[in-house]
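Residues or ranges marked as domain 'TRAM' in TrEMBL: 4-62. For Gln286, Tyr315, Glu336, Asp384, the entry in TrEMBL reads S-adenosyl-L-methionine binding site. Residues annotated as active site in TrEMBL: Cys411. Feature annotation from TrEMBL assigns active site, nucleophile to Cys411.
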Amino acid sequence: MDAPVKKNDIVEVEFVDLSHEGAGVARVEGYTLFVPYGIPGEKAKVKVLKTKKGFGFGKLLEVLDESEHRITPPCPIYDKCGGCQLQHLTYERQLVYKRKLVQDVLERIGHLKDVTVHPTLGMDDPWRYRNKAQVPIGEREGGLIAGFYQKGSHEIIDMDECLIQEEANDTVVQQVKKIALKYGIRAYDERSHRGTLRHVVAKYGRQTKDVMVVLVTKQKDLPNRKNIIKEISETVPGVKSIVQNINPKRTNVIFGNETRVLWGTPYIYDTIGDVKFAISARSFYQVNPEQTKVLYDKALAYAGLNGEETVIDAYCGIGTISLFLAQMAKKVYGVEIVPEAIEDAKRNAELNEMTNVDFEVGEAEKVIPAWYDKGIKADVMVVDPPRKGCDEALLQTIIDMKPKRVVYVSCNPATLARDLKVLEEGGFMTKEVQPVDMFPHTTHCEAVAKIVLNSNDAEI
Ligand code: SAH
């Protein structure tokens, strides 16, 4: 419909919903306006910023009738940063919002009306949960700054602490900033492609308290290298590993291809439950290990293993779920597209002395049908795809293979709903869905679904 409002109009609205990006949704004569920081139930004065055919965007000028769920965001730079979207909402309400998000798409996209969606499992203390910081470095007035790119731009805003980040990671960034300045290290400048230090990456093992410091530089040569290493190793508590990654390219991608250990070990370690993981500078590891345990426990419960099953873990990454499941299964096969992740997965299997797991590099939608042709058939299939969801060919293989149960771990409720519909049409039934809050204060929503084969409903 044509917009009943135009740019720069100031209108009074009432918010009726939250969008999947966390913005307040208002209707003006049936026309939808998305307004960041609006909360359902609130009346507000809004300035129209942009109008399109079916919907537009506005800016919150003044809340006229405040929601009981509104709080003052604890972070002083919340509105500039863009890393969090929901800090103005009580945590309790954020969990309600994420459950509703899942319910809505299951109904709208999946046409699944009667599926139980449990209340979101949240954190007791939803702050300081991230175990990895990736911070761009810049310069201002002769000093070094480290922080984040301002929302919608590439201007770096200096920041000393991030409230969703482990304090150990904040300490790394503050120390590196000081030490690099002392030894005259210049920040890399995107525009001129000059300077040295591009990013500081800090990783932290929540259980082990190990710290890794990664300096991403444009060139291999790091002036005053010895002194810098010495000071980092002496002043960063818990540091076990200092690594340099070299990225000579003009690119937004953080890491380059070359990595070298400057001091200490090439890995740090962490554990999830009883499983130990080695974390290297570039390997993927879940950023909220506390909630990862909650998620995996749920996945394990949904898998319903008794030690006799063959399990396939599609999109296995570094084998986190595979190894978790291998504790309870006869055999686990993991498949993942990134070769380095599979190397990590194999190493992690060795580290835990697990011999009942096999990992293969490749596309899940090609490797799993090939396994099926060779006679490998899963009793339980676990999938944890990226945001775009499962490939159709993989869903078809699952339908043909008929595992007793499918456990679907999803970071995007919309594609989860789409894929559940396909599985339902192929003879499966979605039993229940559990949202787990892996990323408090952001709109990211993780959920795990239990799906069973219709014919053996009785024995579940
Ligand atoms: N299960 C892992 C990682 C999940 S993230 C964990 O919990 O840590 C999704 C993973 O799917 C990524 O590691 C990505 O590299 C991989 N991936 C993306 N497309 C794929 C495909 N077509 N086949 C196999 N793996 C794929």
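For all residues, glycine too, the Cβ spot is worked out from N, Cα and C.
Keep in mind that this is a model prediction, so the values were computed, not measured.
Here the features listed in TrEMBL are placed on the structure.
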residue	record	Cβ neighbours (10 Å)
Gln286	S-adenosyl-L-methionine binding site	22
Tyr315	S-adenosyl-L-methionine binding site	21
Glu336	S-adenosyl-L-methionine binding site	27
Asp384	S-adenosyl-L-methionine binding site	24
Cys411	active site	17
CB-centroid shell, 8 A cutoff, S-adenosyl-L-methionine site Gln286, Tyr315, Glu336, Asp384, site residues removed: Asp313, Cys316, Gly317, Thr320, Ile321, Pro385, Val409
DSSP-derived structure type at Asp384 (S-adenosyl-L-methionine binding site), helix or strand or else coil: coil
Whole-number Å value for how far Asp384 (S-adenosyl-L-methionine binding site) lies from the residue listed as 'active site' (Cα to Cα): 8
Helix, strand or coil at Glu336 (S-adenosyl-L-methionine binding site) [DSSP, three-state]: strand
Segment-level pLDDT (mean, integer) for the domain 'TRAM' (4-62): 96
Residues Gln286, Tyr315, Glu336, Asp384 binding S-adenosyl-L-methionine per the record - widest CA separation, whole Å: 15
